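Engineer: So TrEMBL lists these for the protein:
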type	residues	note
TRANSMEM	12-30	transmembrane segment
TRANSMEM	77-95	transmembrane segment
TRANSMEM	102-123	transmembrane segment
TRANSMEM	129-146	transmembrane segment
TRANSMEM	158-178	transmembrane segment
TRANSMEM	216-238	transmembrane segment
TRANSMEM	245-263	transmembrane segment
TRANSMEM	309-327	transmembrane segment
TRANSMEM	356-377	transmembrane segment
TRANSMEM	389-413	transmembrane segment
DOMAIN	440-582	domain 'Lipase maturation factor 1/2 C-terminal'
TRANSMEM	632-651	transmembrane segment
REGION	654-703	region 'Disordered'
COMPBIAS	661-703	compositional bias 'Basic and acidic residues'
Amino acid sequence: MGDIKLPKHMFLWSMSVIYMFAFASLYVQIPGLYGNDGILPARRMLRYTGKPLLEQLQDSPTLLWLGPQLGLDTQQGMELICLLGTLMAFGAMVWEPLRDALIFLFLWVLYLSLYQVGQVFLYFQWDSLLLETGFLTVLVAPFNLFKWKSTVSKRHDGITFWLIRWLFFRLMFASGVVKLTSRCPAWWGLTALTYHYETQCIPTPVSWFAHQLPVWFQKLSVVGTYAIEIAVPFMFFAPIRSMRIVSFYLQAFLQVLIILTGNYNFFNLLTIVLSLSLLDDEHVYFFLGHRKQNKSQSWTQTLIKWGTALAELASYCLIVYWTAVYFELEINWEKKSISSKTAFTYHEFNQWLKTVTIPSIWIGVLSLTWEIITAMFKCASVRGFFWKLWATIQWAIFATAAACMFAVSLVPYTYIENNSNSKIWPGVRTMYDSVDRFQLVNSYGLFRRMTGVGGRPEVVVEGSYDKETWTEIEFMYKPGNVSAAPQVVAPHQPRLDWQMWFAALGPHAQSPWFTGLVQRLLQGKKDVIDLVQVDESQYPFKSHPPTFIRAHLYKYWFTKVNEDGSVPQKWWRRQFSEEFYPTVFLGDPSLVSLLNHFGLKDKGQPKRNADTFLPVTLRAVREYARPLPAPLILWSLFFTGAAICLLKVLFSGSRSSSSSKNKEKEAVAAVEKNDQAMKKEEKEKTKRTENSADSDKYAKKRK
């Protein structure tokens with residue numbers, strides 16, 4: 001692999017954008033989710049027992065312990081953290097010196113502080129992935145905050161950037177493996193995508209059209225997913241550069257398809273950011289149109305080039321061949337389709353997984369060792385004793401940090417195979433246990449089981465004033481009204497709508513927060529209503545909260561294309577399934593019992609904060625942002641930052657062009673001046689020659 005200055009620069013810029021999306025998206029939802037009148041008030045997670053601050057931080061590492069010292073309650077502390085994170089991430093997006101290790105460390109600490117009190121609404125895999133990636137970003141980013149000119153690269157950049165590639169491998173490989181180890185019939189039968197588009201949490205309009213594709217194509221898409229998630233990740237560590245670049249495009253292609261067909265907030269964007277670790281400067285320049293001139297090669301270089309090309313072609317052929325064999329791919333020319341089915345058993349796959357898990361670790365060891373040795377030779381080539389010593393010290397520190405992070409990550413990585421997990425050295429397990437609460441390394445496995453095979457379960461909340469006439473309470477983003485089109489909300493994550501999807505998969509007792517939601521709707525709490533509908537005109541009980549609330553469970557399906565090929569007016573069809581939550585009212589003994597059982601009973605209103613500068617400012621910002629839809633806020637921030645970056649590029653380009661023109665003028669003037677000086681010198685030389693000739697003639701005459 002060549003230099004990684006540009007991929008590293010792209011990675012740090014992209015991480016700034018991801019952080020900005022994450023903080024801004026959560027900020028909009030804090031009052032309704034975690035406020036004093038929210039569904040799960042965050043103040044319950046922080047119990048001030050009079051312990052010293054260090055002991056409190058050891059129990060729960062969050063900056064929210066400092067809230068009382070600033071005159072803030074827990075809700076306002078979370079809002080302040082989100083605003084600081086959004087502003088710092090936006091600053092890092094538009095100004096390169098802020099893409100610094102200290103800035104990214106602070107962003108990581110801020111998000112970890114929110115995660116510690118986020119409860120079920122922040123316990124998603126992408127939140128853990130952001131924390132792990134964010135910590136690795138601290139190692140990748142340079143220390144240039146206090147320097148006027150940023151440091152472009154260090155000799156150890158290859159080591160730290162390799163950790164991003166290892167994380168990307170763990171994420172993709174585990175996501176492919178768990179689909180088969182879960183024994184889910186839909187994944188084993190290759191029919192998962194025939195249900196996925198309509199049963200995912202928040203579909204997009206494209207999901208409806210993808211759902212209409214023929215079954216054979218859906219099954220072939222599952223086979224392609226297995227190949228990209230299980231086989232292709234091993235190409236991340238291939239010694240052939242072009243194989244790593246091909247694997248980048250395959251992974252990016254999969255993520256783009258997921259973005260088009262589902263609202264998965266910043267997760268797929270973050271996955272694409274991880275894939276940047278597979279690129280180098282030469283390919284980025286090639287992508288931008290700056291092609292390198294081909295140099296003449298010796299016969300040995302030509303032979304090596306053809307040998308690597310043949311090895312690469314053989315690797316692709318093997319992947320295609322084994323995919324065709326193990327999934328029995330056959331082309332039906334008459335029906336113009338490709339049939340497929342799983343041709344191996346669960347036991348055979350488990351045996352293969354046992355065989356490949358430990359070797360995959362050794363592949364990682366060899367790849368990391370290569371990066372460490374390469375960086376060591378780069379340090380040895382530094383000129384000057386002091387600078388060589390300083391580069392070697394940095395190399396030793398970051399090589400040790402990378403080795404430790406790699407070792408600790410083996411514990412969650414081997415969760416995919418129990419036999420391999422039991423072979424992990426006890427010392428590594430101890431290290432993992434000591435850092436587990438900081439979310440430095442995590443296990444992953446997306447879409448483990450396909451839900452909603454018999455229809456998408458959906459909770460529909462209804463309210464009434466008289467217990468006879470019931471009105472549905474529609475949410476902004478999740479399916480409800482069968483005539484309403486699915487929305488595109490990414491990179492925003494409406495966390496209440498997501499949890500409503502999980503709640504529908506089981507009884508309401510498995511989702512204690514739902515009782516808190518019912519209580520707040522009966523009380524008519526504005527902060528919670530904003531999570532349901534920002535536009536008050538769309539909320540049916542805006543004038544007065546409902547007296548009674550109940551919830552029913554429905555099964556939803558996408559509608560099908562009409563026989564004449566036209567698109568139907570309705571996007572969904574639904575059927576009543578069962579009661580999800582009984583009819584309750586404020587003061588209802590059953591509601592009070594559930595609130596007490598789940599620890600959600602209000603225990604008096606917290607003290608109002610003093611009207612000091614910070615609380616007043618936070619309340620003013622909240623009132624300004626309250627009526628704005630979350631996706632509008634996120635995209636406004638992004639396009640503003642992108643416009644600033646574009647203007648900086650254009651300005652720097654015009655300035656460089658003007659400076660180059662000035663240099664050209666100076667060069668022309670210098671050439672002209674030089675020509676004049678040469679002419680003057682020639683004239684003086686000619687004159688001296690003539691004078692010397694005259695003096696010779698005069699001397700001869702006198703003689």
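Placed from the backbone N, Cα and C atoms, the Cβ positions cover glycine too.
In terms of burial and nearby residues, how do these features look in this structure?
Structural biologist: Note on the transmembrane segment (77-95): residues 12-13, 16-17, 19-20, 22-24, 26-27, 30, 34, 42, 63-64, 66-67, 70, 103-104, 106-107, 110-111, 113-114, 117, 614, 618, 621-622, 637, 641, 644-645, 648 of its chain, located 6 or more positions outside it, place their CB under 8 angstroms from a CB of the stretch.
Only residues 6 or more beyond the boundaries of the transmembrane segment (158-178), in the same chain, are considered here, and those with a CB under 8 A from a CB of the stretch are 1, 4, 7-8, 11, 129, 132-133, 136, 139-140, 225-226, 228-230, 232-233, 236-237, 251, 271, 274-278, 353, 360, 364, 367-368, 371-372, 374-375, 395, 398-399, 401-402, 405-406, 409, 412-413, 415-416, 443-448.
Residues 190, 223, 226-227, 231-232, 235, 238, 240, 242-243, 246, 340-344 of the same chain sit 6 or more residues outside the transmembrane segment (309-327) yet have a Cβ under 8 Å from a Cβ within it.
If you look at the transmembrane segment (389-413), the same-chain residues 6 or more away from its ends with a CB under 8 A from one of its CBs are 136, 139, 154-156, 159-160, 162-163, 166-167, 170, 174, 361, 364-365, 368, 371-372, 375-376, 378-380, 382, 421, 424, 428-429, 431-432, 435, 440-444.
Packing against the transmembrane segment (632-651) from elsewhere in the chain are residues 17, 20-21, 24-25, 28, 86, 90, 93-94, 491-492, 625: each is 6 or more residues past its ends and has a CB under 8 Å from a CB in it.
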Engineer: So are the transmembrane segment (216-238) and the transmembrane segment (129-146) touching or not, going by 3+ C-beta pairs under 8 A with a sequence gap of 6 or more?
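Structural biologist: They do not touch: fewer than three Cβ pairs between the two stretches lie under 8 Å.
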Engineer: Counting by DSSP secondary structure, give me helix, strand and coil numbers for the domain 'Lipase maturation factor 1/2 C-terminal' (440-582).
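Structural biologist: Split into helix, strand and coil, the domain 'Lipase maturation factor 1/2 C-terminal' (440-582) gives 33 helix, 34 strand, 76 coil.
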